[in-house]
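TrEMBL has this to say about the protein:
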type   : residues : note
DOMAIN : 2-79     : domain 'Bacterial DNA polymerase III alpha subunit NTPase'
DOMAIN : 82-248   : domain 'DNA polymerase III alpha subunit finger'
DOMAIN : 322-412  : domain 'DNA polymerase helix-hairpin-helix motif'
DOMAIN : 515-581  : domain 'OB'
Amino acid sequence: MKNRYNSEESVTTLIDLSLELEGLVRNVGTHAGGVLIAPSKISDFCPIYKGPNESDGVVSQFDMKDVEAMGLVKFDFLGLSNLTVIDKTVKLIFAKGLSDELIDLDALSLDDKGVYELLQRCDTTGIFQLESDGMRGYLKKLQADSFEDIVAMLALYRPGPLGAGMVDDYINVKHGTQKVKYPHPMLEEILKPTNGVFLYQEQVMKSAQVMAGYSLGGADLLRRAMGKKIAAEMDAQRDVFVKGAAEREIDVKKANEIFDLIDKFSGYGFNKSHSVAYAYISYQTAWLKAHYPAAFMASVLSGMMDDTDRIAFTVKEVQAMGLTVDGPSVNESYHEFSIRDEKIITYGLGAIKGVGEALVEVLVAEREANGDYQDLFDFCSRIERRSLNKRAVEALIYSGALDGFGVNRASLIRTYPSAMKQAEQRQNDQSSGQSGLFANEQVHNEYEVHYLPASSFSFRETLQFEKSVMGYYFYNHPTDEYNADLKHISATLPSALVFRNNKEARVLALISELRYRSTRSGAQMALINVEDSTTLLNAVVFSKVLGSVSEALVADTVVVLSGKINKDYRDEWQLVVDKVEGVDAVKEKYARSFEISLNHKHQTLFEPLSALLKQNPGQCPVKFRYQVNNAQGSVITRDYFVKPDQQLIDAVDALLGDHVSQINYV
């Protein structure tokens with residue numbers, strides 16, 4: 001390398017540049033919540049620079065260890081979205097008069113029955129630190145009945161304690177299925193609150209004082225050594241601990257065993273005051289949810305306005321709680337989710353794609369100043385043209401926010417361009433000082449209300465448009481289209497979960513998410529999320545089944561899945577799939593007849609109907625039901641055998657009129 005350095009210019013340049021770069025900071029980062037405090041100017045103690053973003057302010061060029069070595073105090077200020085949820089909840093409660101008394105969240109009783117009932121049934125969506133699937137699983141086992149249980153769970157639910165099996169030990173001792181074991185009788189009083197396990201730094205400090213004669217200052221040095229996780233410092237502390245224990249006639253071997261526990265604890269040590277502070281926020285959110293569920297869940301939903309997946313999941317949770325979520329409305333909604341009363345949440349307009357906060361502010365201000373919007377034309381004329389664009393109007397229509405005008409969405413879509421044009425002309429006239437012939441009449445009469453006629457969107461079109469602006473299916477669900485037809489063939493997810501315990505189930509569901517994963521042997525398996533209008537369920541298709549069902553596994557498709565419902569490794573219910581069938585295939589397989597209702601008005605349409613039936617050949621016989629005056633009769637003909645699917649139903653209904661055809665299964 002030396003020869004190349006001396007003989008090759010490119011190598012010389014490369015190494016010289018590398019030597020100049022060596023030791024330099026590769027890139028800088030700013031601690032989002034780190035604040036330095038000094039007795040005088042920060043620049044007296046460390047170099048500073050201006051951050052690249054306006055919000056960065058002045059930043060230290062030293063990292064956290066260097067500023068500590070300089071003697072500066074560093075504080076970490078963490079922002080918690082749950083504090084915003086708490087604040088919004090309290091404001092909603094008083095805005096709607098749901099409480100006559102001042103709610104002092106800093107003076108709550110810690111033995112509220114409603115809080116612990118909520119935690120025991122794992123109804124923890126929106127509860128600070130307690131809403132993950134894993135945490136719910138442990139809460140179900142724990143059946144918390146004291147604030148100390150919450151504090152302990154927050155300290156236990158971390159990699160170290162989980163890996164050491166401490167969570168299960170704590171729970172088993174609590175329920176009496178495991179006998180508590182103390183490392184030494186002197187530690188019983190200290191470890192009794194945590195069922196015999198070292199859980200908090202304060203316990204270690206107190207143990208060092210009791211067993212080894214540490215002073216308060218010495219115990220704090222032990223705490224710091226554990227926090228730094230520096231082996232040399234811990235070895236030095238071991239010597240101090242063992243020596244002090246020997247002075248209290250504790251066997252050297254036992255003293256080392258106990259210090260081994262302390263050393264192991266240093267890998268996951270948690271400050272109890274930290275856990276208590278977090279647990280109290282958990283308790284506050286649980287208390288609000290237990291006593292003011294609508295206000296609390298509305299605030300939780302407002303905190304996830306840009307995450308439609310979380311909104312979709314949370315709305316289902318809200319409905320499972322027995323609450324109602326009303327759709328968005330230009331005459332009821334605000335930017336965020338709000339409440340109508342203690343049982344009804346109103347959808348936030350800001351959660352609709354394409355509807356910005358600036359528009360909602362204008363919309364709400366105008367509504368509060370001059371009353372509800374009467375119709376599409378009134379709405380367009382009262383909103384400033386610069387605030388209202390084509391995309392926003394379409395989003396409001398597709399989301400149902402204009403349904404209150406009593407006009408179907410297809411007609412609103414056809415009509416809104418002319419409504420906006422009228423509104424623009426009127427606003428231009430007003431800005432130029434012109435007025436119409438009827439200038440003295442009320443505003444509502446200054447424009448012509450004329451909706452262009454249009455047939456309502458089909459069920460599937462409505463769903464498609466709704467999902468495009470809301471991000472998920474809110475009013476209806478794709479499975480709703482098939483529930484009536486397939487109720488004798490397949491179960492809904494809620495009813496299937498009632499009869500679980502490894503029993504066979506056949507369910508109608510939408511594949512909302514589909515993922516493939518390789519097993520250890522290299523084979524492929526599928527992990528899928530399925531749902532209907534009320535329930536979400538995880539499902540798995542193992543490799544031995546995947547090959548036979550892969551064609552039917554298509555995301556965003558309604559299917560019929562067969563298999564067994566049991567618990568997965570997280571103790572959550574899942575469907576182990578052994579068969580997947582397309583809805584149309586199931587309908588054709590189990591259909592007894594395709595029924596068409598006819599009357600005298602259809603006489604001239606029989607030829608095109610005959611042609612239509614022949615264009616859709618299948619195995620299902622056709623049943624004609626006739627009604628003339630008060631007489632009626634039916635016949636199953638052998639002249640036609642069709643494929644009974646939704647496309648044929650739609651085609652027949654389009655030819656003869658709505659709701660004249662159906663598929664019979666029994």
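Every residue gets a Cβ built from N, Cα and C, even glycine.
For the domain 'DNA polymerase helix-hairpin-helix motif' (322-412), the most Cβ-contacting stretch among 2-79, 82-248, 515-581 is 82-248 (pairs under 8 Å).
Under DSSP, the residues of the domain 'OB' (515-581) split into helix, strand and coil as follows: 10 helix, 37 strand, 20 coil. For the domain 'DNA polymerase helix-hairpin-helix motif' (322-412), the mean pLDDT of the prediction comes to 97.
Secondary structure of the domain 'DNA polymerase helix-hairpin-helix motif' (322-412), assigned with DSSP and counted as helix (H, G, I), strand (E, B) and coil, comes to 40 helix, 8 strand, 43 coil. In the domain 'Bacterial DNA polymerase III alpha subunit NTPase' (2-79), helix, strand and coil residues by DSSP number 31 helix, 14 strand, 33 coil.
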